[in-house]
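Contents: one structure, followed by commentary.
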Amino acid sequence: MTAAALESSVRHYGSNGNGGNEHSSQRGRVGTSAPSSEQDRTEVSSDVDEMTPLLKCVVPPTPLPIAQLLIVLFLRVTEPIAYMVCFPFINQMLLDIGAVDDPKKAGFYAGIVESVFAFTELLTVFHWGKVSDRIGRKPVLLIGCAVGAVSAIAFGASRSFTALVITRAINGLANGNVAVLKSVIGELTDETNQARAFSFFPLSLAIGSILASCMGGYLSNIARTFPSLGDSYPILRAYPYLLPSVAAACFPIVSGIIAAVWMEETLPPKKTAEDCTDEDEQEEESHGAFKLLQNADIRVLMWSFTVMSLESIAYQALLPLFFFTPVRDGGLGFSEAQIGTALSIRGVATIAVQLFAFPHLVRAVGNTRLFRILVVLYIPTFLLLPLLNVLARAGAPAPVWVGVAVVLALGAISNMAFASNLIMTNDAVPNRRSLGALNGLAAMFSSATRVVGPSAANSLFALSVDRHALGGNLIWAFMTCLALVGWQSSWHLKAKYGRQ
């Protein structure tokens, strides 16, 4: 509402001399006569004070700090690359280094390698956030980039299962960047543009997953694909998984250099003892995890997020294993390149729906209702996967790829639930000073699901295949039940989440 329209509406209200009910019935009409006396002006002034709380004041959003936001998003891309680059080739890598001698047993060991990153991250992510409150955001981010680059290269050069686990563990220990980056965005923005800035986080994750899938799928074993390269560069034949690891390491190196040179430190200066008040001390107390979890709304939100995150990470871990497993054992028998192609398609679809569909869907159906719709899509996703194996056994490659496309599309659409949950998390925070703590708490729960999810899902898949449990479909029955739990938990969320 413009200032002129507001003034005209107030004049009309003053000329009526009635209460709020009369004004409500005339809300769309604008009066034209000006006050004719000083007394009228006094009455209008009095009415303005009376009406101001009932009129919505539209505050234009503050322009986003684009340059700083791009640096933050570039840093965000490095985490999914570090975590997911090994997904397309880890099963074959375990066979090549002699960690396993049976493809059916690769899932268990792959789950350990994939989960150890998240386990060590779980142990340190909250503490990295606290360290960043003391020494600043940039130093913590740069430490994460440096250690991440070194450990990624060491992972690609590993020749034993123990070395794989150690390098992944070191990478996770130094990776507190996700929670810190959310705090940076919170400090770069205000209430008018914070939600818009946070909505780019899932896009960074999707971009990172695409790049990781491409690098892991197309750069691994490249000497086998292009023998001439192996002849020219023997190191590619001796270390077939070093090239994708080096490519992955380039991202934290480049983003770290950019951050060191151009990123601004966003941590506010510390208050002196004279500046601190009792109110400041009370707000500091709200930063504790246990204090936050005493809020019933936050507990429900964290539970729903944890179940949804567990479904998502299990889905991400199971897809490459399902694609890799031979058809006779319940999978699709894809090559590393085909796995990389499929996972890249999922990433592209995720970006498309996040950019073009999510904002319109939130406005059309509401954030909480949209979240419930998105999490229910995991149910048909897990029911369709065993049907793809049936098609593969029948020797029908075209229908198999159509089914794969449907599964990937469902996964991309359901992935919007992360952006929806992020909006709810920011709406549920008790006060602005607790935003970083609540995001850190959510990161801890997310890391916990990444500890349990890949190893549990891959192990259950291996058990289903090895023991032929439920005809080899025990894993899909379990995941469908978990999806039902996630959908049911979404109905306990408050409808006010995500409303502006």
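Placement of Cβ uses the backbone N, Cα and C atoms for every residue, glycine included.
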> Looking at 73-94, 337-358, which one does TrEMBL call transmembrane segment?
Replying inline: 337-358
>> Do any residues, 6 or more residues outside the transmembrane segment (400-423), come within under 8 Å Cβ-to-Cβ of it, and if so which ones?
In response: 195, 198-199, 201-202, 205-206, 301, 304-305, 308, 312, 315, 319, 332, 342, 345-346, 349-350, 352-354, 357-358, 361-362, 367, 370-371, 374-375, 377-378, 380-381, 384-385, 387-388, 391-392, 497-498
> Is the transmembrane segment (337-358) close to the transmembrane segment (197-219), in the sense of at least 3 CB pairs under 8 angstroms with a sequence gap of 6 or more?
Replying inline: yes
> For the domain 'Major facilitator superfamily (MFS) profile' (65-498), what is the mean per-residue pLDDT, to the nearest integer?
Replying inline: 84
> Given the transmembrane segment (337-358), which of the listed stretches 300-325, 435-453, 473-493 has the most Cβ pairs that are under 8 Å apart from it?
Replying inline: 300-325
